[in-house]
């Protein structure tokens with residue numbers, strides 16, 4: 001159930017997802033990155049570094065992690081770290097309005113600094129048009145990162161060239177230098193080999209901790225690995241792989257996936273992939289109306305992808321053939337217009353009135369979905385149940401969020417797979433009760449789809 005264009009324009013992006021503009025906040029450190037030591041989704045072994053009450057898992061890591069490097073590997077070494085510091089900034093003051101991504105980078109940075117490394121940190125910020133723009137400089141990050149690390153963060157106004165070489169030459173063990181926005185060079189997104197070589201020229205080894213851009217083959221995420229060895233995953237990146245890849249590869253059962261959002265077309269691959277592993281798939285959001293129309297039901301003025309009707313039929317047939325329960329809502333909350341203050345009514349999906357549009361799932365559907373989740377041991381959620389940005393139509397999404405928050409302490413692994421569902425659990429106030437909340441948007445989806453992420457594939461194997 002899509003946001004209006006106006007609402008999208010007034011929203012801001014946080015950790016790969018879009019949320020309504022709110023006052024600046026500080027996210028509890030425990031909700032972001034945690035060092036992950038090993039990585040199989042085997043419940044019989046525990047990782048004690050996670051918060052008490054969480055399901056404990058271990059995942060057999062394929063890629064080498066920064067945790068595999070000790071003091072002997074790091075002391076005095078120049079370590080090029082690619083993080084995701086693409087934080088939202090106030091348009092007028094350029095003050096950071098949400099520091100989640102900075103906090104997520106801290107465990108890796110502290111580990112490197114504590115082991116005597118000379119850290120060269122870089123990121124992208126915003127969408128500069130192939131050259132320096134003051135509003136996209138990483139300068140606002142300096143003060144907050146210094147505060148979180150408890151030490152001075154130095155900065156240079158470039159990411160390659162003489163000024164960087166000079167700054168690196170004077171860097172001491174246990175110090176951090178923040179390089180400028182890599183996207184000030186158009187060669188970054190083109191994965192230009194010469195640019196990658198220049199980025200790598202001032203370092204001895206590489207750490208990628210930017211999961212949000214791991215699905216992009218850019219110079220700072222993929223190209224530099226050809227010139228720096230070892231090239232390893234940071235703690236945040238490793239944790240994302242442990243949960244998102246591990247959940248699909250070897251889940252505790254029953255395994256339930258919740259897939260929401262406005263369009264079937266954007267979730268086709270992930271639904272097909274999840275059908276190979278899931279016991280149940282719950283479908284919500286605007287995409288349900290494409291399924292209903294494919295069944296021959298009237299959907300009023302609800303969102304429908306007319307060219308995906310056959311696809312919806314096929315997905316239901318595949319689920320049946322595989323013995324996977326595909327659950328769609330039995331009732332919906334409809335509105336006479338797409339507006340926060342619209343007139344509403346709750347109706348059966350077989351009785352949607354002409355001219356009305358479905359914007360949330362109904363109470364019967366909520367109960368059905370809660371029953372389906374009751375015995376779940378692994379849950380992956382990607383996409384809201386309705387237009388949760390409007391309070392009238394957030395009931396279904398909030399109910400599902402609360403249900404998952406109750407499952408986690410009972411031993412279930414609850415994974416929020418990026419995108420709007422992250423904003424939804426935060427809005428519901430239960431983010432801290434989930435096993436894992438992904439910091440990636442597109443990267444999360446591609447990993448769940450079973451795709452190879454270039455930024456991960458380029459890293460060294462154990």
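In case you wondered, yes, glycine gets a Cβ from its N, Cα and C as well.
Lifted from Swiss-Prot, the feature list:
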type	residues	note
TRANSIT	1-61	transit peptide
BINDING	83, 84, 86, 101, 123, 124, 126, 127, 183, 215, 216	(2R)-3-phosphoglycerate binding site
BINDING	261, 285, 383, 388	CDP binding site
BINDING	261, 285, 388	ADP binding site
BINDING	263, 267, 286, 358, 389	AMP binding site
BINDING	267, 286, 358, 389, 420, 421	ATP binding site
BINDING	420	Mg(2+) binding site
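By neighbour count, meaning other C-beta atoms within 10 Å, the densest spot among the binding-site residues 126, 285, 383 is 285. Within 10 Å of the C-beta of residue 388 (CDP binding site) there are 27 other C-beta atoms, taking all protein chains into account. In sequence order, 259, 261, 287, 382, 383, 445 make up the list of same-chain residues 6 or more apart from residue 267 (AMP binding site) whose Cβ falls under 8 Å from its Cβ. If you check the binding-site residues 286, 358, 389, 421 against residue 83 ((2R)-3-phosphoglycerate binding site), none has a Cα inside 10 Å of its Cα. The binding-site residues shown are 263, 286, 358, 389, 421; of these, the one with its CA atom nearest the CA of residue 183 ((2R)-3-phosphoglycerate binding site) is 421. Cβ neighbour count for residue 358 (AMP binding site): 29 (other Cβ atoms within 10 Å of its Cβ, all protein chains included).
The binding-site residues listed here (86, 123, 263, 388) include 388 as those with a Cα within 10 A of the Cα of residue 420 (ATP binding site). Cβ neighbour count for residue 261 (CDP binding site): 24 (other Cβ atoms within 10 Å of its Cβ, all protein chains included). Among 261, 285, 388, the residues given in the record as binding ADP, the maximal Cα to Cα distance rounds to 11 Å.
In this view, residue 286 (AMP binding site) is surrounded by 24 other Cβ atoms within 10 Å of its Cβ, with every protein chain counted. Geometry remark: residue 123 ((2R)-3-phosphoglycerate binding site) versus residue 285 (CDP binding site), CA distance 33 Å. Site extent for AMP: among the recorded binding residues 263, 267, 286, 358, 389, the largest C-alpha separation is 20 Å. Across the structure, residue 358 (AMP binding site) and residue 86 ((2R)-3-phosphoglycerate binding site) are spaced 34 Å apart at their Cα atoms. Scoring each of the binding-site residues (123, 421) by how many neighbouring Cβ atoms lie within 10 Å, the top position goes to 421. Of 286, 388, 389, 421, all annotated as binding-site residues, the residue with the shortest Cα distance to residue 86 ((2R)-3-phosphoglycerate binding site) is 421.
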